[in-house]
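Database features, via TrEMBL:
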ACT_SITE  Ser38  active site
ACT_SITE  Lys85  active site
DOMAIN    15-90  domain 'Peptidase S26'
DOMAIN    99-144  domain 'Peptidase S26'
Amino acid sequence: MKFGGFLKHGFKGAIFALPFLATFMDKIATISLVDGTSMQPLLNPTGLSSDWVLIKRWHVDDYSLQKGDIISFESPREPGTYMIKRVKASENDLIYDTTKQKETCVTKGHIWVEGDNKRASYDSRHFGCVARGLVTGRALYVVWPPERFGIKLSPLSDDDYDNDDED
């Protein structure tokens with residue numbers, strides 16, 4: 001096969017593959033870069049390199065978010081900016097806002113999110129509850145760097161929540 005024929009077949013393949021790939025990444029799953037230190041020590045533990053995570057988008061509209069899930073969402077303050085944080089409370093839950101020094105009730109259709117590294121996290125303590133419609137997916141696994149491949153991003157146990165502020 002000549003090089004020109006190879007290019008012709010490659011171009012035809014790309015025409016069919018690109019819409020499939022775009023739909024897959026928009027509706028089923030995608031891979032996302034986690035930048036910053038707000039989710040340390042779970043994500044980007046050394047701060048020297050950034051983790052890439054698999055984000056599940058399937059059923060995000062009717063997805064039942066649970067306390068402890070790590071989610072991606074569009075920033076309520078900066079449209080077009082996406083964040084990754086942990087769900088700390090769901091609608092109708094009471095949560096103590098350490099910034100305002102008072103208890104806050106999560107309103108219907110919203111969630112409360114915080115980074116694991118509270119000192120370096122811009123989260124619900126700063127911008128309030130996040131509308132569920134801004135949620136774009138749930139982080140499942142670390143896929144890069146290779147030495148961290150396959151680390152499951154599962155919810156913490158209740159014991160992990162009780163020890164949040166003991167340091």
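Backbone N, Cα and C define each Cβ position, glycine as well.
Bear in mind that the values here come from a model prediction, so they are computed numbers and not experimental data.
Broken down with DSSP, the domain 'Peptidase S26' (99-144) shows 10 helix, 21 strand, 15 coil.
Around the Cβ of Lys85 (active site), the number of neighbouring Cβ atoms within 10 Å comes to 24. Secondary structure of the domain 'Peptidase S26' (15-90), assigned with DSSP and counted as helix (H, G, I), strand (E, B) and coil, comes to 13 helix, 25 strand, 38 coil.
Counting every protein chain shown, 22 other Cβ atoms lie within 10 Å of the Cβ of Ser38 (active site).
In this structure the C-alpha atoms belonging to Lys85 (active site) and Ser38 (active site) are separated by 8 Å.
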